[in-house]
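The structure appears right after this line, and notes come after that.
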Amino acid sequence: MPTNLLSAEYDFIVIGAGAAGAVVANRLTEVPGWKVLLLEAGKDEILLTDMPVFAAHFQLTDFNWGYRAQPQDGACLGLKDKRCPWPRGKGMGGSSILNYMIYTRGHRGDYDGWEQMGNPGWGWKDVFKYFLKSENAKDDLVDSQFHSTGGYMDVERVRHRTPLVNAFMDSADELGYNTVDYNSGDLLGFSRLQVNQRRGKRCSANKAFIRPIRHRSNLHVAKEAFVSRILIDPNTKRATGVEFLRNNRWYSIKARKEIILSAGAVNSAKILMLSGVGPRVHLESLGIPVLVDAPGVGQNLQDHASTCAALYTVNDTVSLKEERIAQVGPFLDWVTNGNGPITIAGGVEALGYIRTPNAVTAPDYPDIELMFISSSLNADPGTVVRQGLGVTDDIFNSVYKPILNRDAWTIWPMQMKPNSRGYVKLKSRNPLSWPLMYANYFEDPQDLEIIVHGIKFAIEMSKTRAFQKFNSTLHPIPVPGCANHEFGSDDYWRCAVRHLTTTLNHQCGTAKMGPSTDPDAVVDAELRVYGVKGLRVADASIIPRITAAHTNAVCNMIGEKVADMIKSAYGK
């Protein structure tokens with residue numbers, strides 16, 4: 001909507017049209033008398049973002065904020081400038097327009113743990129209904145008690161299978177693991193992927209929650225509107241409006257009732273601090289007037305680290321290679337039928353959940369997710385996937401370039417419950433400056449040991465009959481910088497993981513939900529910011545302890561739940 005057609009005041013202003021913000025805007029405008037403004041820094045989606053297999057390509061476009069974590073000694077050593085890329089979605093749908101569409105909710109213990117931390121109403125029994133409320137399940141999921149139909153967000157199986165995913169599932173069976181529905185609240189086992197797709201095309205938060213309601217007269221959407229800060233009355237400590245940049249001009253719009261901040265774990269923390277809500281010493285050092293001393297803002301940063309350090313070559317043309325997919329035939333099959341290899345979510349076809357020997361989680365709680373990818377960094381000549389991951393020329397040319405003509409697969413082991421914590425700071429008081437992001441991956445060495453175990457488990461899978469049908473062979477060229485270790489030893493894998501560190505882009509926790517007795521809590525159990533009236537945060541930043549899940553569905557749930565809380569607060 002053109003800026004001159006926007007109102008000077010709305011009942012609610014939602015900042016960010018991502019996985020949570022899109023849900024909040026949808027649900028609040030169900031109340032006819034409420035007028036809602038949705039502000040999004042990016043633009044609308046395009047047809048190409050609908051193509052699941054090319055998810056990595058869009059992390060190299062302006063649909064991505066382009067963030068990179070600060071260098072650290074113990075991780076990301078083989079990436080450009082020793083910095084891990086942190087792709088974050090910038091557009092209608094937020095990160096759901098460039099993520100891998102993986103639909104997972106986590107373990108029931110995640111949410112019961114939130115409740116036990118002093119957040120009433122966030123246990124599994126409370127949040128499960130909100131997962132169901134959003135969902136429109138397809139395929140074999142329709143008749144399951146753990147899924148529902150009629151919601152806005154489509155969930156279906158990937159519509160194409162390579163022979164390798166069958167090998168992965170058969171290999172798990174050989175090793176004694178069951179096939180499970182990992183969205184039941186219990187995870188241990190293996191499953192083909194459930195994805196946010198609609199007939200083989202990406203189903204983003206925008207497609208699911210905003211496009212179907214764009215006719216509502218009480219919803220105004222302003223795209224390419226860069227929010228700099230929330231306006232807070234210094235005397236009453238009430239959030240009164242939002243300041244944003246659009247078409248090279250600054251604007252401010254007022255909110256009668258509330259502002260809901262849904263800009264993501266990085267940008268929500270940044271906006272809070274620029275608004276004067278954050279750690280006093282940090283804000284004062286930048287000359288930002290402190291309205292609320294909130295030491296937890298930007299702290300408690302958690303993420304799921306992984307690695308692409310191990311891959312397996314095969315003797316048949318069964319993997320995903322760009323040269324075979326980027327053809328007219330597969331494109332027409334996808335456009336007309338919603339089928340074919342283009343429907344595979346960034347190459348990911350299945351997930352497995354296991355417990356490592358030294359796991360400290362509950363007996364039914366896995367500490368590793370195995371993400372099966374029927375491809376590898378050699379799937380293209382180094383133009384896309386390795387660029388998105390930031391892998392250096394030295395490593396790509398040494399390890400991957402020699403096998404560009406080979407088919408290969410890989411398993412990324414994801415540490416489910418990292419102990420390491422990072423943080424986000426402001427670089428300056430200039431809202432156009434990137435924030436400073438410190439991941440602190442493997443600060444706790446146990447996080448690294450779990451990933452090393454995941455690699456060793458994947459190697460055992462490669463040796464099963466199912467994978468040996470394709471002569472699956474661990475690629476033996478060592479990572480430069482790790483050749484001083486015996487290839488395949490634990491020390492080698494520790495080194496390789498520290499060099500080829502990858503992230504699943506599940507950053508969360510920077511505006512922690514918790515009771516008032518928790519000095520690091522930023523919001524209460526109704527997601528209201530402590531010390532500021534009329535302001536809530538609703539996105540991954542409120543997560544107090546990271547879940548055993550890819551965070552998109554979790555953010556949908558958070559949006560659903562906070563919308564009901566807001567309606568209840570106003571008797572709606």
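Cβ atoms here come from the backbone N, Cα and C positions, even for glycine.
Automated prediction, rather than curation, is the source of TrEMBL annotations.
So that you can see what the record holds, here are the features copied from TrEMBL:
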- 10-305: domain 'Glucose-methanol-choline oxidoreductase N-terminal' (DOMAIN)
- Val227: FAD binding site (BINDING)
- 418-559: domain 'Glucose-methanol-choline oxidoreductase C-terminal' (DOMAIN)
- His506: active site, proton donor (ACT_SITE)
- His550: active site, proton acceptor (ACT_SITE)
Request  = In whole Å, note down how far the CA of Val227 (FAD binding site) lies from the CA of the residue listed as 'active site, proton donor'.
outcome  = 22
Ask   = Rounded to an integer, what is the Cα-Cα distance in Å between His550 (active site, proton acceptor) and Val227 (FAD binding site)?
value = 26
Inquiry  = Can you give me the average pLDDT across the domain 'Glucose-methanol-choline oxidoreductase C-terminal' (418-559), rounded to a whole number?
reply    = 97
Query = Val227 (FAD binding site) has how many other Cβ neighbours within 10 Å of its own Cβ?
reply = 26
Tally of residues which DSSP labels helix, strand or coil - the domain 'Glucose-methanol-choline oxidoreductase C-terminal' (418-559) = 44 helix, 21 strand, 77 coil
